[in-house]
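**Student:** Sending over a structure as structure tokens; questions will come in a sec.
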Amino acid sequence: MDGEQRGRSDRPGGSPHLPFLSNPLMGDVVSDWSPLHDAAIHGCLLTLRNLISQGWPVNIITADHVSPLHEACLRGHLSCASVLLSHGAQVNGMTIDWRTPLFNACVSGSQDCVNLLLQHGATPHPETELASPIHEAAKRGYVKCIESLAAHGANIDYNISHLGTPLYVACKNQQVACAKKLLESGVSVNQGKGLDSPLHVVARMSSVELVHLLMDFGANAQAKNADGKRPVDLVPLESPLIQIFLQNEGPQSLRQLCRLRIRKCFGIRQHHKISELLLPEDLKRFLLHL
């Protein structure tokens, strides 16, 4: 409740006593879950301000190194995250499983929190492969988070051994909008997880829309994975994709080859660069896959 002074020291100017409380997100595990964490995760801004004014440290962490900022971002509470950062919260603090506030913001899908953290110096590049913000956003279908991360220099082709590229993750989770945004931004259409390409994974799932999308961006339908299988070899026999692959076995049209070559020359952030070309609108729309 707002105004409640749990754990406040009775001494004037004294530091608050930090009790051990049960973290509701950790089951029966007991951790140093503080009222500050509780206010942050529930978005109780007034309570958060009161606790900070009473002397609660904004960088107090649980046994798992979870900070109030982690919790505010996990639930997408922008105002709480802003207050914590303005009082010195560590923007790149990591939990014991390597999660940063930025990773948690991508879990919640809050572009506002992502932008706030990046503006305060959050790094879009994870220190380990275990908690990549851009992969998490791709997995959950948060296009806006991907846009913000890419705009701040995140590697949109970041290849993690156990996950693959963001495009591969988006395709595996059938996040069409994210896959399209990544392709429009200039990712490599054939980079996936090891020798398993994005086209392999969508063929395996018999996703017609994603197969069309990847082929439209030049996916190699003849590439073989570690088992020597082409994407068409992974398609269920009853799937209509069999016919689609057969229709695309021949060479690509000159028009398609020209589009792919032009887009490759522009590299990343292609939409912005192509839009500024002095070309007829119809041609620009073709280059942009619109």
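Placed from the backbone N, Cα and C atoms, the Cβ positions cover glycine too.
Heads up, here are the entries from Swiss-Prot:
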- 1-11: compositional bias 'Basic and acidic residues' (COMPBIAS)
- 236-290: domain 'SOCS box' (DOMAIN)
- M1: N-acetylmethionine (MOD_RES)
- 1-20: region 'Disordered' (REGION)
- 31-60: repeat 'ANK 1' (REPEAT)
- 64-93: repeat 'ANK 2' (REPEAT)
- 97-126: repeat 'ANK 3' (REPEAT)
- 129-158: repeat 'ANK 4' (REPEAT)
- 162-191: repeat 'ANK 5' (REPEAT)
- 194-223: repeat 'ANK 6' (REPEAT)
- F103: site 'Essential for binding to CKB' (SITE)
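How buried are these features, and what lies next to them?
**Tutor:** Across the repeat 'ANK 1' (31-60), mean pLDDT in this model comes to 93.
Long-range contacts of the repeat 'ANK 6' (194-223) within the same chain, counting only residues at least 6 positions beyond its ends with a Cβ under 8 Å from a Cβ of the stretch, are 161, 164-165, 167-168, 171-172, 174, 176, 179-180, 183, 229-232, 234-236, 239-241, 244-245, 248-249, 252, 256, 260, 289.
According to DSSP, F103 (site 'Essential for binding to CKB') sits within a helical segment. The Cβ neighbour count for F103 (site 'Essential for binding to CKB'), using a 10 Å radius over every protein chain in view, is 26.
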